[in-house]
Amino acid sequence: MEALGDLLAPHSELIAKVAGTITTLQFLSGIALLNDIRKKGSSDVYPVGPFLGGVVLTVLSLKLATIMNDAAMINTNLIGLVINFVFLGGFYYYASSGSRGIIWKQFGYASLFLLVCTAYANFEDPQKIEFRLGMLITGILVWLVGSPLLHLPKIIEKKSTEGMPFPIILSGNLVATSWMLYAISIKNTVMVLQNLLLLVLGGIQLSMFAIYPNKPTAKKPAAKNESKKEK
């Protein structure tokens with residue numbers, strides 16, 4: 001990695017711009033998911049995690065970028081925060097009355113979590129908080145990217161990837177690749193491992209789309225009750 005880092009180092013600023021652009025497009029990939037929700041008329045079949053987690057992630061990443069004084073990361077996460085809030089509002093709009101209560105409850109937990117994290121970051125030693133906040137963000141990313149795998153038994157049983165946000169998963173892999181290259185260029189080992197892990201998790205999920213269709217397989221009729229039990 002050292003040799004590759006030396007090779008990419010002169011281009012780190014360009015790589016950061018490309019990574020920031022891809023990440024912004026990744027934030028916008030939620031449009032496709034919201035359009036599916038609009039067509040169904042309900043967001044209940046989808047988890048709120050990708051949007052609520054996106055808000056949490058961008059707030060923490062923005063704090064880390066401020067500590068690192070990384071302009072590319074600051075600009076990218078400011079844009080991402082606004083976009084994720086808009087998408088979260090759209091998700092809430094199409095939620096049923098029962099689901100809205102759950103969303104508010106999860107939003108409250110997320111807000112409390114962010115309050116504690118940002119307060120801690122303000123008082124902790126800057127040299128320590130950069131690593132610790134980076135590891136916390138890694139954990140959240142793993143949860144966001146890997147959470148659909150919790151439904152793997154159900155996907156196999158239904159033989160369908162319905163409910164899995166393909167645009168977000170695909171664009172997430174592109175984002176992880178671009179930021180991994182940037183991390184290599186600035187020789188940030190934590191960021192390299194973080195994005196490498198995300199690539200592995202994202203690759204597993206993409207393989208599900210190659211195996212199973214996005215719509216449930218239609219059940220075949222029981223051959224007219226087995227030809228009326230062979231008469």
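Every residue gets a Cβ built from N, Cα and C, even glycine.
Since the structure is predicted, the reported quantities are computational estimates derived from the model, not experimental observations.
The transmembrane segment feature in TrEMBL is assigned to 14-34, 46-68, 74-95, 107-123, 129-152, 164-186, 192-212.
Taking pairs at least six residues apart, the transmembrane segment (164-186) and the transmembrane segment (74-95) share fewer than three Cβ pairs below 8 Å and do not count as touching.
Beyond the transmembrane segment (74-95), the same-chain residues lying 6 or more positions past its ends with a Cβ under 8 Å from any Cβ of the stretch are 19-20, 23-24, 27-28, 30, 34, 37-38, 40-44, 46, 48, 51-52, 54-55, 58-59, 61-62, 65-66, 103.
Sequence-distant contacts of the transmembrane segment (192-212), counting only residues of its own chain at least 6 positions beyond either end whose CB sits under 8 Å from a CB of the stretch, comprise 1, 134, 137-138, 141-142, 145-146, 148-149, 152, 155-156, 159-161, 164, 166, 169-170, 172-173, 176-177, 179-180, 183-184.
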